[in-house]
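*Asks:* Below you'll find the structure I mean.
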Amino acid sequence: MVHTGDTILLRVGHLLPYSMSDSNTTDFTNPSTFILVGIPGLEAAHVWISIPFCTMYTIAILGNFTILFIVKMELNPSLHEPMYIFLSMLAVTDLGLSITTMPTILGIYLFNFREISLDACFAQLFFIHSLSFIESSILLLMAFDRFVAICNPLRYASILTRPRIAKMGLMFVLRGFILTFPLPFLLKRFQYCQANVLSHSYCLNQEVMKIACSDITVNSLYGLFITLLMVGLDSLFIFLSYVRILKTVLKVASPTECLRALNTSVSHLCAVLLFYTPKISLSVLHRFGKGSPPLLQILLGYVYLLVPPLMNPIVYSMKSKHLRVRIIRLFVKAALTTAQIWPGQRAEPQG
């Protein structure tokens with residue numbers, strides 16, 4: 001979006017003039033589409049910027065699919081423990097987030113396709129927010145798993161039974177979807193009389209609210225309520241869990257056992273930091289950072305949605321010996337199979 005006097009030029013494949021004096025005309029009173037943006041000022045380099053995005057999506061999707069495949073197909077009981085069941089839930093959620101944001105982000109950088117219909121935008125923001133809340137809940141469940149394993153190891157098997165894990169998982173999934181469900185309907189009741197340009201390459205509730213010409217108090221309060229209820233409470237309980245874990249571990253006489261106990265939680269702590277740091281920072285910027293640089297919000301948005309699905313499989317694969325060994329075996333087997341197929345294909349024409 002380029003300002004020239006009292007005119008705004010919207011870059012959507014080509015420049016579209018829009019006069020500030022026309023802000024109340026039918027052009028933007030009820031738009032049929034929103035305009036998504038990439039990185040402002042770097043439109044000419046969008047094709048090159050698409051390369052790291054494509055790489056990140058490929059690694060994230062393959063990594064999470066690999067974890068799901070190994071946990072599902074592996075007969076070893078060690079990979080059917082509660083920790084790996086929760087890891088599978090996390091992988092499914094990360095896949096959902098990647099698939100939800102990939103069409104619009106790659107559409108902008110690869111094909112310069114920036115328009116999105118209102119219904120598609122509302123659907124995308126519903127899945128982004130609900131899956132994000134579900135991921136927060138799964139991280140809480142994983143913290144509970146570590147808490148029971150370290151603070152009450154003798155009752156671990158009796159507390160984290162499969163039926164109980166299924167009930168907790170279902171409860172948190174329903175919580176995420178039910179509390180996010182009103183958001184699209186609250187947004188659909190608005191008239192959008194400002195320029196229909198969003199500041200990200202995907203739809204978020206906070207961004208769509210900003211371009212409404214109606215009173216957004218209800219939406220703003222409801223968004224704050226569900227964020228505090230879910231992300232706020234989840235992060236608080238995760239923090240309290242690790243306070244108890246740390247107290248328990250410090251009571252252990254042997255430094256070696258102390259380090260061993262803490263080492264089992266390193267991968268989860270990394271996942272927590274990767275998820276909550278950009279999410280909380282972005283939420284604060286959207287609500288209180290009116291004077292913050294737009295580029296900072298754009299970059300934080302990409303970190304929030306792209307980095308956790310990319311890094312979670314890598315972090316857990318590096319820290320879990322059982323998982324790491326199975327992944328290496330899987331790729332070695334795939335490489336050997338490929339090596340056996342290709343020579344046979346090359347030999348056929350000679351026969």
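Each Cβ is built from the backbone N, Cα and C atoms, and glycine gets one as well.
Below are the features listed in TrEMBL for this protein:
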type	residues	note
DOMAIN	63-316	domain 'G-protein coupled receptors family 1 profile'
TRANSMEM	47-71	transmembrane segment
TRANSMEM	83-110	transmembrane segment
TRANSMEM	122-144	transmembrane segment
TRANSMEM	165-187	transmembrane segment
TRANSMEM	224-246	transmembrane segment
TRANSMEM	258-276	transmembrane segment
TRANSMEM	296-316	transmembrane segment
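Show me how these features fit into the structure around them.
*Replies:* In this model, the domain 'G-protein coupled receptors family 1 profile' (63-316) carries an average pLDDT of 88.
Residues 36-38, 46-47, 49-50, 53-54, 57, 60-61, 64-65, 67-68, 71-72, 116, 124, 127-128, 131-132, 134-135, 138-139, 141-142, 145, 149, 162, 165, 169, 201-203, 271, 305-306, 308-309, 312-313, 316, 323 of the same chain sit 6 or more residues outside the transmembrane segment (83-110) yet have a Cβ under 8 Å from a Cβ within it.
With a threshold of 8 Å between CB atoms, the same-chain residues lying at least 6 positions outside the transmembrane segment (122-144) that come near it are 83, 86-87, 89-90, 93-94, 96-97, 100-101, 104, 116, 165, 168-169, 172-173, 175-177, 179-181, 183-184, 187-188, 202-205, 208, 226, 230-231, 234-235, 237-238, 241-242, 268, 271-272, 275-276, 279, 305, 308.
Listed by sequence, the residues of this chain that lie at least six past the ends of the transmembrane segment (224-246) yet keep a Cβ under 8 A from its Cβ atoms are 133, 136-137, 139-140, 143-144, 146-147, 150-151, 175-176, 179-180, 261, 265, 269, 272, 276, 279-280, 283, 287.
Counting residues 6+ beyond its ends, the transmembrane segment (258-276) has Cβ neighbours under 8 Å at 90, 135-136, 139, 142-143, 146, 149-150, 231, 235, 238, 242, 245, 248-250, 252, 307-308, 311-312, 315-316, 318-320 in the same chain.
For the transmembrane segment (296-316), the residues of the chain that approach it from at least six positions outside its boundaries are 37, 39-40, 53, 56-57, 59-60, 63-64, 66-67, 87, 90-91, 94-95, 97-98, 101, 128, 135, 199-200, 202, 204, 267, 270-271, 274-275, 278-279, 281-282, 285-286, 289, 323, judged by C-beta separation under 8 angstroms.
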